Amino acid sequence: MGLACTKTSTASNVPLINTTDTSQTGPDASQSSPNISANDKWRSNGITVAGGNEEGIELNQLFQPWGLYVDDDLTVYIADYWNHRIVEWKSGAKNGVVVAGGNGEGNRADQLCGPTDVIIDLKGDNFLICDHENRRIVRWPRREGKSGETIISDVQCFSITMDKQGYLYVPDTDKHEVRRWRVGETSGVVVAGGCGEGEGLNQLSYPRYVFVDQNYSIYVSEHGNQRVTKWLKDAKEAIIVAGGHGQGDDPSQLSNPEGIVVDQLGNVYVAESGNHRIVCWPKGSKRGNVILGGSGSGKQPNQLYCPIGLSFDRRGNLYVVDMGNNRTQRFNIIRNS
């Protein structure tokens, strides 16, 4: 069942999952929240772990990277938008390795076009890629994969995530909704929004990134409403957990929220591309705290320029895709027990 609202969505032009192989599902480790204490902080200077050598196509470069995935080995996988590829950067590496795409811009099975996010289906051992300009979600084998398979089509997405039961969550900026997909389904279930564009608590406006916690609550960043909303499992209306007071740089505001992660305490971390900063909104707070960046756009180690993707590693370090600087930064955690 979808969410109740006065405007019902039609079944026409609905994306399609083209597989019934349920063995391919599995939890996405990027949704695991590390143990962060209330007193922990992060070093203000980031360490470049991918790119940082201006924009370009070489293996030591990125060209407007978007989303990322960090595995338990601290290997980083990055959606390299204008290079139409997914690149793997092992911890300490000076160069990346192309693991999907990289065969020019296009819609063939061996090509990508403007990918914006990547996660790993651990059980199926596949990359799941938001192939933005092709309006599709692609499943690409991790082991010597030469091409991918479209598993969801006709979706205007910027991000993708998976819960611990193997359900996929995909926001659609055209339909202003988030759908949950089970492998084998011919249409997803609306779990957030779906009531047309708007600022109501049963609506979304240009949803960008999505995070699902261990209780299956869904967090959505919205460009149109300049907010992050939380949708409890099966809820018909959301709770605003960050922003929602117009676009700006006041502590109560956001400016173009992008990637989001949530720790085990329920604190919400948001990448603000408009304010060039990362903010943390403590659970229940009406104001956010700047934890990284916020000193204007720039390429110094303590600066960001249009940050997009956001992820923790298993140690609690914070990774930021610094799109405007064509790099990914790691900000090491400072434990204060």
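Each residue, glycine too, has its Cβ placed from N, Cα and C.
Predicted automatically and left uncurated, TrEMBL annotations should be read as such.
The compositional bias 'Polar residues' annotation in TrEMBL covers 14-38. What TrEMBL records for 14-42 is region 'Disordered'. Annotation source TrEMBL lists repeat 'NHL' at 54-92, 248-284.
According to DSSP, the secondary structure content of the repeat 'NHL' (54-92) in residues is 3 helix, 18 strand, 18 coil. The average pLDDT for the repeat 'NHL' (54-92) in the predicted structure is 98.
When the repeat 'NHL' (248-284) is classified with DSSP, helix, strand and coil residues number 0 helix, 17 strand, 20 coil.
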